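Peer 1: Feature list, courtesy of Swiss-Prot:
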- Asp24: active site, proton acceptor (ACT_SITE)
- Lys129: active site (ACT_SITE)
- Cys162: active site, nucleophile (ACT_SITE)
- Glu72, Lys132, Val157, Thr158, Cys162, Gln202: triuret binding site (BINDING)
- Gln202: site 'Essential for discrimination between triuret and biuret as substrate' (SITE)
Amino acid sequence: MIRIDATPYPYQFHPRSTALVVIDMQRDFIEEGGFGSALGNDVRPLAAIVPTVAALLQLAREAGMLVVHTRESHLPDLSDCPRSKRLRGNPTLGIGDVGPMGRILVQGEPGNQILPQLAPVEGELVIDKPGKGAFYATDLHAQLQERRITHLLVAGVTTEVCVQTSMREANDRGYECLVIEDACASYFPDFHRITLEMLTAQGGIVGWRTPLAQLQAGVAAYTGENP
């Protein structure tokens, strides 16, 4: 077992029963000129974590973990997007409308693609999710159960919305979740900090948190003991 120094207490897992879930590292959310910046958000906090997420992906791949990527996306006819969701945010630029990188949050559009430097490789799962949580209206739970996954490492954007929602969904389904705190981000840094505190309050009510460096140290120690 790999032991990681974490909050609120050490987290333990085995690579064979663990998946890395990278949430919504999409061009429209992270790049200048995308949907996120068109709504008036400062995308720099999200762009800043890209190297950390890339390093996390490398670690997971080298350790032999399952890697899962999610994209918040909808069918071109928006049949999986309720009216209540379409009306949220800036009413002049909504889901399905043509934005700077094609139709917003629609499958197959340029802005809906995962950043090239974080692109999935052969054998990794890509989950197109119509909601904020990675488990809602997807087959993610079935895919994880089929592979006997019990533990999840979680990263991505935004911390307070899709990352938190996915962790809570996973917790309700029995997964032990560790969020990599410097591999997540929000347009609002205070939201990021407070969400991490919420997830790990009361003895880890939803899960654990740790920086990438602690994860790397734990994996390196395990590898040294099990060459």
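Cβ atoms here come from the backbone N, Cα and C positions, even for glycine.
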Peer 1: How long is the line from the C-alpha of Cys162 (active site, nucleophile) to the C-alpha of Lys132 (triuret binding site), rounded to the nearest angstrom?
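Peer 2: Spelling it out, the Cα of Cys162 (active site, nucleophile) and the Cα of Lys132 (triuret binding site) are 5 Å apart.
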Peer 1: Looking only at DSSP and grouping its letters into three states, which state does the residue listed as 'active site, proton acceptor' belong to?
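Peer 2: In the DSSP reduction, the residue listed as 'active site, proton acceptor' maps to coil.
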Peer 1: Any idea which of the binding-site residues Thr158, Gln202 has the thinnest Cβ neighbourhood at 10 Å?
Peer 2: Gln202
Peer 1: Val157 (triuret binding site) to the residue listed as 'active site': how many Å between their Cα atoms?
Peer 2: 14
Peer 1: Within 10 angstroms of the C-beta of the residue listed as 'active site, nucleophile', what count of other C-beta atoms is obtained when all protein chains are considered?
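Peer 2: Summing over all protein chains shown, the residue listed as 'active site, nucleophile' has 22 other Cβ atoms within 10 Å.
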Peer 1: Quick one: give me the count of other CB atoms within 10 A of the CB of Glu72 (triuret binding site).
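Peer 2: Counting Cβ neighbours of Glu72 (triuret binding site) within 10 Å gives 22.
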Peer 1: Out of the binding-site residues listed (Glu72, Thr158, Gln202), which are within 10 Å of the residue listed as 'active site, proton acceptor', Cα to Cα?
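Peer 2: So the list is Glu72, Thr158.
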